[in-house]
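Each remark here refers to the structure printed beneath this line.
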Amino acid sequence: MMVIEKGRPIWISLLIMVLLSNIMLYNTQLGVSVLPAETKGVVFGSLLDLILVMPLLFMLSKRKFSIKTAILTAATGCILARILIPNDILKPFMAVTWAGIAIEVIVIAFELLLIVMFVRYLPRILSSVKKSLLPMNFAFPAAVDRYVKKNPLVQVLCSELFMFYYAVFAWKKKVPEGISLHKNTSYMAFMLMIIHGIVLETLGLHWWLHEKSMILSIVLLVLNIYSVFFFLAEMNAVRLNPIHLTEDAMYISFGISKRAKILYEDIEMIIEEHEELEKKLQADTLSFIAREFEDGKPQMILKLKRPVKASLLMGFEKEYTKIAIRCDQPTELKMALHRGMLTK
């Protein structure tokens, strides 16, 4: 496993090389010129590359091995074969590529069914969220998981709905009580500066690019508008979701980009030594520190007994063994955490 993890750049490089070599072979003058008169062997080799080698390299680069991933990536390879290899030399292997397309159609149909289920159960989900005592960014995903099977597409959809809600509809919502993460920082000013920069860049760049390439200017315009929505949502979500403490856990989030539930019984110790807090945060540390014009340092780091799963953007999840926190009421938070640890 260590060899696989350290070799990730190699797997990605090989994946790109396999894809590019097959693109060049069938879609450039040089590639076409070296094709033999009898192309069956070459096409068969390309199919092996796209259906077997590329999925294997993809899974090695992701360090994720499963039958589902293998089938989906192999099916994607079949579709790539239909796109890259000319039909006249692909004819002997058409049945193989059609099988891949059939698998992709089934998968897409299943994903669409999940979205339909999500929309169908949305009233119940919203009702469950209103009844919950937890912050919305914890209550909503929990309600979705209760009614709809957990799926990456559904998680992405929820993430986008979250962003739209906080960016547009939640500005008049009352800020709940709790320990905030941003009030004693220049976080809001920093975010407004970023949004201001994006707006100015959009106006200037779109005007200039519109004459050069209308498609590129529209794509960049859409991306910049999305970025503005994202940063507005991030600001509002930070404001409306202070740290939430219950009898058995701490619910902590920063905007829509990360959140985690930390059970008091999972906290091994609270690191408060100045020397430790000044060190660069490690990869296994999840940071809840507001971005400012200057880099902020944590006021405490929670060392956990076992890895805790945190939810990140687009529904992605990752495990962490330490939690770095900088908040507006550090003494109050430390006392609450110590009380929780003593009772567990």
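Using N, Cα and C of the backbone, Cβ positions are placed for all residues, glycine too.
A TrEMBL annotation is a machine prediction, not a hand-curated record.
When TrEMBL is compared with the stretches 12-35, 132-155, the one noted as transmembrane segment is 12-35. Beyond its flanks by at least six residues, the transmembrane segment (67-85) meets 19, 22-23, 26-27, 43, 46-47, 49-52, 54-55, 58-59, 93, 96-101, 103-104, 107 of its own chain at Cβ-Cβ distances under 8 Å. Tertiary proximity for the transmembrane segment (214-233) is limited to same-chain residues at least six positions away from its ends with a CB under 8 Å from its CB atoms, namely 162-168, 191, 194-195, 198-199, 201-202, 205-206, 255-256.
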